[in-house]
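Q: The structure follows.
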Amino acid sequence: MRIIGLTGGIATGKSTVARILERHGIPVADADQMARQALAVGSPIRERVLQRYGRAIQDPSGALDRRQLGRIVFADAAERAWLEAQIHPFVKARLREFLEAHGASAPPEEATEARPSCQCPHGEGHPTVCLMIPLLFEAHMENWASEIWVVTCTPEQQRQRLAQRDLLTAAEIEARLASQWPLEEKARRAHVVLDNSGSLAQLEAQVRQALGAHPREGGAICPTPPSRIE
C-alpha cells in the first residue's frame, strides 16, 4: 500500500493538496481535524486543558477560545509541549484506526526512525491513502508513511495567508512559524516537494505528476533525495 505522509509549513497549502488527492479518490486522514476532536465538548483532554488554563481560554459564553489558547502555547514552548502531550496520543490512535480501516497497519508505538522507513505497512485495502500531518517531522512520525510529500510556498505568501486566514498579528505569525521546523529542512527530507507559490492549476499538475511517478517497488519506498515537481 502507498501511504503518503502530507506535511509542510503552516499555511503552505496542505489542505488544498489534500482536497486534490480526495478528488483523485484517495482517502485522507486530517490530523488537525483529529486534534480539534480531542478538544471537543465532554472529552477528558478538553477537561484537563480547561483545568490548566481556566477562564483564560474561555470566551464570555464559556466556549473554548482556540485563538487565546494559541497565544499561550505559541508564546511558551513548555506549555506547547504539555498541550501536545495531551493531544498527540489521541491523534495517533485515530490515525492508527484510519490505517487499519483501509487495510494497513501503523508502526509499533515505540518505533521512532529519523528517516522514512523502507518497511511499508502491508494490507489489503485502498492502494493509496494519505495522512495529512502538519507536525509529521516535529512529532517524529516519518515512519508512518511510505513516502513524504512537503508543500512549500514563499515566506511572504505564508505570512500573507496567515494574516488573511487567521487574522493574526505579525508577532503571532512569527511565533507560529518559529514553533515548526524550517520549511527548507522539511523539503530536504521529503521524497516529493510541491511548490504552491503559483496557481491552483499548477499545483494540481504537480500532484498528478507525483501520483504518477510513484517511485516504489514491492509496496515500499526507500529514502532518496527529494523530487521537486515543477
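The backbone N, Cα and C atoms fix where each Cβ goes, glycine too.
The ATP binding site annotation in Swiss-Prot covers Ala11, Thr12, Gly13, Lys14, Ser15, Thr16. Look at Swiss-Prot and you will find 3-225 tagged as domain 'DPCK'.
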Q: Given the binding-site residues Thr12, Ser15, Thr16, which one is most crowded in terms of C-beta atoms within 10 angstroms?
A: Thr12
Q: Inside 8 A of the center formed by the CB atoms of Ala11, Thr12, Gly13, Lys14, Ser15, Thr16, which other residues of the chain have their CB, for the recorded ATP site?
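A: Neighbours within 8 Å of the Cβ centroid, excluding Ala11, Thr12, Gly13, Lys14, Ser15, Thr16: Gly8, Val17, Val151, Cys153, Asn196.
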Q: Including all protein chains displayed, how many Cβ atoms other than that of Lys14 (ATP binding site) lie within 10 Å of its Cβ?
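A: Result for Lys14 (ATP binding site): 24 neighbouring Cβ atoms inside 10 Å.
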Q: How many other Cβ atoms are found within 10 Å of the Cβ atom of Ala11 (ATP binding site), counting all protein chains shown?
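A: Excluding its own Cβ, Ala11 (ATP binding site) sees 24 Cβ atoms within 10 Å.
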Q: Give, as a single whole number between 0 and 100, the mean pLDDT over the domain 'DPCK' (3-225).
A: 87
